[in-house]
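Noted in TrEMBL for the protein shown:
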type	residues	note
DOMAIN	31-84	domain 'BHLH'
DOMAIN	102-168	domain 'PAS'
DOMAIN	247-278	domain 'PAS'
Amino acid sequence: MTIFCSHCHRPLQAEMSCLPTRAKQAPSASRPFRSTKSASKARRDQINVELQALRSLLPISAQEKERLSYLHTMALVCLRLRGAQLFPPGLPPPVGPALGTELLSLLPGFLLVLSADSKLVYISENVAQVLGLSMVELLAQGDTVFDILDGQVGEDVHKKLLLAQEEPGREVTFVSEMRTSKAFRLQHGGNRVVAVCGRFVALRWPPSPSTTAFLALCTPLVQSPTDGEAASQDDIFQSMHLLDMTLIDVTESVTYHLGYHREELVGQSWYSLLHPEDADLAAAQHRAVALGAGAGLAAGTAVLRVLHKDRAWTWLRVWARRDGGCITCTCRCLREEEAAHLRSRQPRAAAPP
């Protein structure tokens with residue numbers, strides 16, 4: 001079967017020159033729009049100009065701006081945009097820019113603000129003292145709180161944040177490892193365990209996801225009583241015992257933590273204050289310290305419940321060491337979530353010999 005051209009009525013195979021001129025030139029019409037090296041360079045140059053313009057608007061020092069990569073620049077810009085949405089210029093934020101360096105240095109941790117969808121909105125500058133990473137370096141990990149936390153606790157943290165969002169004003173706490181600098185991990189053997197305690201607050205009325213923020217204080221869990229942070233914390237007291245754990249002295253601050261006056265405790269056995277379920281663990285710690293078994297602080301560290309004067313149970317992290325004929329304990333009060341995290345990593349008490 002022969003196909004004829006609709007213009008000249010000759011067989012199509014015999015003549016192609018009769019095709020309309022526009023049709024023959026169509027394939028070459030797109031050539032001016034093809035990507036070339038010069039066009040790609042022009043686009044890159046334009047992107048660089050835009051990034052430089054954005055970088056110049058950031059409220060940081062010129063020296064810090066020079067060190068910003070493109071990724072860091074965009075992360076900071078997104079953070080500022082989220083902050084501007086929650087905290088319009090006419091509404092001063094409850095935390096952040098109003099806090100000076102001196103005030104931040106007095107906090108036991110750093111401040112964190114999240115949006116309703118868990119996006120990072122604000123991280124106080126003293127985060128570097130806790131994690132070894134600056135605010136900019138931490139933002140490079142991602143733009144949500146889950147990007148800076150240990151992934152294994154993501155589901156639990158998500159549930160806690162949903163609970164807090166459903167009941168604005170309700171305080172929630174979760175404990176997790178947070179990402180740290182390589183130098184910090186080499187020095188401390190891993191990431192930093194941090195307790196995040198906060199609540200959702202409606203910044204404007206009527207409340208809505210776009211006007212609600214999660215305000216939190218992130219406090220590192222002290223690894224040993226000799227840590228620099230421990231000396232300045234108010235949630236620590238010390239006690240001195242005979243080798244059988246009879247109390248012979250205790251700091252006056254015990255009244256604030258356990259409700260007892262010093263005179264009420266001197267002469268009592270440590271075991272009379274312990275929760276029955278923690279007696280075996282305390283005994284294992286006692287034997288290890290009294291007999292000098294196990295080197296280092298780990299052998300003399302335990303998480304225990306002791307009886308408060310109001311008959312409630314208080315969680316303590318107890319570091320014990322032997323000083324001649326006495327045993328000295330340094331005790332730090334814990335939130336229930338902190339205690340659960342530490343207990344999950346605490347060796348089980350060995351059966352008595």
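Just so you know, glycine gets a Cβ as well, placed from its N, Cα and C.
TrEMBL labels come from automatic prediction, so no person has curated them.
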Model confidence over the domain 'PAS' (102-168), averaged pLDDT: 84
The domain 'PAS' (102-168), counted residue by residue under DSSP: helix, strand, coil: 33 helix, 13 strand, 21 coil
Tally of residues which DSSP labels helix, strand or coil - the domain 'PAS' (247-278): 16 helix, 6 strand, 10 coil
The domain 'BHLH' (31-84) - residue tally per DSSP class, helix then strand then coil: 45 helix, 0 strand, 9 coil
